[in-house]
Amino acid sequence: MSTVLRTESLTRVLPGDVPTTLVENIDLEIARGEFVAIMGPSGSGKSSLLYLLGLLDMPTAGQVWLDDTLTTGLSEDHLAHIRLERIGFVFQFHFLLEEFSALDNVMLPMRKLARLTEEEAHDKASELLHTFGLAEQMHKRPSQMSGGQRQRVAVARALANDPQLILADEPSGSLDTHASANVRDILHDLARNQNRAVVAVTHDPTFAQAADRRIFLVDGQLQPPERAAALFEVSVRH
Amino acid sequence: MKLAASIALSHLLSRRRQTLVSLAGIGLGVAFFLAVSALMRGSEQDFMHRLVDNSAHITVYDEFRQAKPQAAELAAAHGAVEIHGVKPETEVRGIRQYKQKLDFVSRLPGLRVAPVLLGQAIFTFAGKDLGAAINGIEPDLMKNVSTIDQYFVSGSLASLHSDPDGIIIGTGLADKFRAKLGDKISVTSPTGLVRVMKIVALFRTGTASYDDGQTFIILKRAQTLLGRPNVANRFILKLDDPARAPVVAGQIERALGYKTQSWQEASEDIMNLVKIRNIIMYSVVAATLIVAAFGIYNVISTVVLEKTRDIAILKSIGFHARDIRRIFLIEGALLGLVGSVLGTGLGLALMAGLARVEVKSPFITTQAFLPIYWGWDQMALAAAFAMGSALVAAYLPARKGGRVRPVDILRGAA
Ligand SMILES: Nc1ncnc2c1ncn2[C@@H]1O[C@H](COP(=O)(O)OP(=O)(O)OP(=O)(O)O)[C@@H](O)[C@H]1O
Ligand SMILES: [Mg+2]
């Protein structure tokens, strides 16, 4: 099992009059083909951790390795390039460009990376949208689609450059049970059948149940496995 | 680049009304710039043409610029002696040995020259006395160096050949005397000589002082009348290339010693006025474009503000700060470019409209229109200035956009 992502005493403190610790001393290892769910109460630092894992935010202490590359301390442009090539993000609120069609949104990362011709990028984007059952919505703008459809477009966009790491922040947060299950199955399939690492923040125990591993955050701290299992039991019962 | 351009375009198209307003700003700025510049430069050219055509390109006077060095000064060159009150001498006898000098000047390439003896006289007709200048000329040489021939109401310079006692006067003087062509007029010189001369031709230039105050007779007659045989006190020159006048004037002055003035020197204050006028024009016109640039700044700032979410998305996907800056700079450039094109079109229409406006000119009896300069250089200047200010206006918001940190936006939205 090869490690895709590894962190060592990852800490992020927001400076200010009263400095806020978002996450503290996180040691984490995520392997290829693994589907990991991050759980925890609201405000516990789940999103903050995800931004650090996705190289969108810089830690105040500790390190992040991606494929054995130490990313901490790299320039902003360098990090941007790593994100483009190797990381796919799905945000809690389907962040799509409003003026662009679903197809154009999915093509965006491919165009930026510019490894494929315009035609190849077009074919690949429409293929992705097909797999997610969005063939009909291809030329619609985000405002003309349902929440679930938009979230699937966001997933398709995250996959555009074939990243080995997919990070999702409550991808089913604003969806009904059916749409939520749909997105969950897609992520599950990516890990299981395409050998990618998937890390998803979720409040939904059913969603978390599908994951290979569940980790728990409380007040920015990672809970030990037995405590995490207990906490999960509690959340399932509710 | 293509990607950045398509995002830029989508931003501009999504804010159609603001985009149109700022395009109108730039377009009107460019159009006014063109119209004003075309008019100012057209009238300047027209004015300069008239100035150059109607004045001598070079005049040689029977004067010196500096007093002759005094013997004492020559003896003690370094200021042991100081002499006050030395004045340059006026050569009362005119240009000495003018024929040789005229010969020398006329052999210089690319010019024509004519000698003139200029003096004053009192003219008497029907019991009325008026003073005016007498120009003793050689008509065949004079017509090469003067545009006076264009302004004859009747007769011409050559009419002087038909009657050795002929005189040419302006319609201004003729009107004051109520004299007509063919009337005899008596001329009294400062030396007291009186001669009766016949009006053989009349001119009207439209400049009152000239039409009232200048008369022409044959050089020989002038020499006897003014009591200065074999003398001329002015050389009047025309050059093929008027721009060379200062150089040629310097050359002649060094050779002859007499004060030799180019038209540029003679009309220095007018040239300065033209320069000041140009400075005023370009600052006013540049101001309109700067105001238009604020419109662009406004649009792009708003877009950056409204699109911070988009910027965060793009950056989180992996766009660099410079990619984001490029998007907004392209927006500025697009506004500048389209605005310039629209403005140039509108400006050309305005220029065409102005070119149809008729004006009355005292110089020209035929139909005359506002002079318009059609050169492409002013269009290039207007477009370059519009593009430049659009880019500068876009730069600040673009830089701000490039600095957006996606986490800040994501945290804010979550
Ligand atoms: N801009 C900010 N300034 C100060 N504190 C912040 C800021 N953003 C987040 N926080 C704090 O950081 C902590 C972690 O926030 P984070 O968004 O990571 O939590 P979360 O686990 O994702 O919560 P949720 O489940 O509600 O999304 C919270 O206590 C929050 O109040
Ligand atoms: Mg969150």
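Here the Cβ of each residue, glycine as well, is placed from N, Cα and C on the backbone.
Automatic, uncurated: that is what TrEMBL annotation is.
Copied over from TrEMBL:
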- B:19-254: domain 'MacB-like periplasmic core' (DOMAIN)
- B:20-40: transmembrane segment (TRANSMEM)
- B:279-305: transmembrane segment (TRANSMEM)
- B:283-400: domain 'ABC3 transporter permease C-terminal' (DOMAIN)
- B:326-352: transmembrane segment (TRANSMEM)
- B:372-396: transmembrane segment (TRANSMEM)
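Tertiary proximity for the transmembrane segment (B:372-396) is limited to same-chain residues at least six positions away from its ends with a CB under 8 Å from its CB atoms, namely 26, 29-30, 33-34, 37-42, 44-45, 286, 289-290, 292-294, 296-297, 300-301, 328-329, 331-333, 335-337, 339-340, 343-344, 347, 351, 354-355. Sequence-distant neighbours of the transmembrane segment (B:20-40) (same chain, 6+ residues past either end, Cβ-Cβ under 8 Å): 277-278, 281-282, 284-286, 288-289, 291-293, 295-296, 298-299, 335-336, 338-340, 342-344, 346-348, 350-351, 354, 370-374, 378-379, 381-383, 385-386, 390. Using DSSP to sort the residues of the domain 'ABC3 transporter permease C-terminal' (B:283-400) gives these counts of helix, strand and coil: 94 helix, 4 strand, 20 coil. Looking at the domain 'ABC3 transporter permease C-terminal' (B:283-400) alone, the prediction's average pLDDT is 86.
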